């Protein structure tokens, strides 16, 4: 089986409609200024599609992790329920206005925005305040999520999801609204994310190398287990590499190690061997006695790490080996940095991998996918993000997809081959979302699984 194809925004009629778009504007903000607008820019094609065709946009997003108030809480006299200054989307509205070259209306309370929505005309854009100012958005109780979803759904006619970064969340705005409206469409960013991951997981150009880093083996167990049946090479870096190396009997000094995962590391290495997957681990290291950024850290001559030292990046010999394996592959998927790239003296390994992928993509047609989160940040910092085939906007979502899990925010969207509900067809009525589509009832859509081919 493969990823179930979903209807995209191109399948929806948006002219004259108020289109609810769940975007991912969870961007870094410092002193009221956005420091990286990548996620805002990534949503522009979907927004511009609606505006060009004469629809209006009602945008929903979260930012940060505010505590969240209850819908039943008394409304403050001079504020809104759940408001936190550090998590307001007002700076996003200002930046989006600059990018679109037009005014973006801002509703200061996402659940008290009916008057704003009612005034919208074709070509208008409205951004709702942070949906997570309300605890019901991500409540564990379905009835609470549904109550919030009904309020939001009443603002519009058509639902589009372009928030891959939160597709692994079962929330009022990701799964609740399409259930209320009876249909949901993938925006261009969501569609792009799904298509790239589907290709690399189900039918990639080969050889395929997975580059996996980060701090803990325990964080990547399911990813490694799922990917071993799909890849040709496995490159391991970051602190998780030292658990594998201790499991092989090497000295790791005072480097980070999950002692309770040594047997698991041995098991994964054995499974890789059984499946003819070549595993590459560091053969030298950049070390220090303390976790600090010094200009002249110790570089080991071989795989062994001296007593009293911790490894904080891969060494030059390892970099060359990793560059060579990337150069001979046709596809790469990268999740997790090779070292503490935030400190310049430990960034060489991570940046070298990024450069090797970027060069391979631009010069040799390598399919290169960055799995979001810290890896996306590292690619941006290295200057190589623009050279990749795809930089995912979803850290947690991409990780769960690589682990072989289905994503609730994708599963709920209308299937490409969906038929009109029998009752609606018999009555000859319009589809629930008002778009003219053949919509799937909520009950049917909710049971569709987004499944990857078994390794």
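Cβ coordinates come from backbone N, Cα and C, glycine included.
If you check Swiss-Prot, you get these features:
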BINDING   23, 24, 25, 26, 39, 61, 62, 64, 65, 132, 168, 169, 216  (2R)-3-phosphoglycerate binding site
BINDING   214, 219, 238, 336, 341  CDP binding site
BINDING   214, 215, 220, 238, 311, 335, 341, 342, 374, 375  ADP binding site
BINDING   215, 219, 374  Mg(2+) binding site
BINDING   215, 216, 220, 239, 311, 342  AMP binding site
BINDING   215, 220, 239, 311, 342, 374, 375  ATP binding site
REGION    417-455  region 'Topogenic signal'
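Local packing around the Cβ, expressed as the count of other Cβ atoms within 10 angstroms, is greatest for 220 among the binding-site residues 216, 220. Each residue contributes its Cα atom, and for residue 219 (CDP binding site) and residue 239 (AMP binding site) these two points are 12 Å apart. Across the annotated binding residues for AMP (215, 216, 220, 239, 311, 342), the two most widely spaced Cα atoms sit 21 Å apart. Taking each of the binding-site residues 39, 62, 65, 168 in turn and counting other Cβ atoms within 10 Å of its Cβ gives the largest count for 62.
Counted within 10 Å of its Cβ, the other Cβ atoms near residue 342 (AMP binding site) come to 14, all protein chains included. Checked against residue 214 (CDP binding site), the binding-site residues 65, 168, 220, 239 differ in C-alpha distance, with 239 being the nearest. Here the binding-site residues are 219, 374, and the one ringed by the most other CB atoms within 10 angstroms is 374. Within its own chain, residue 238 (CDP binding site) has 212, 213, 214, 215, 336, 337, 338, 339 as residues 6 or more apart in sequence whose C-beta sits under 8 angstroms from its own.
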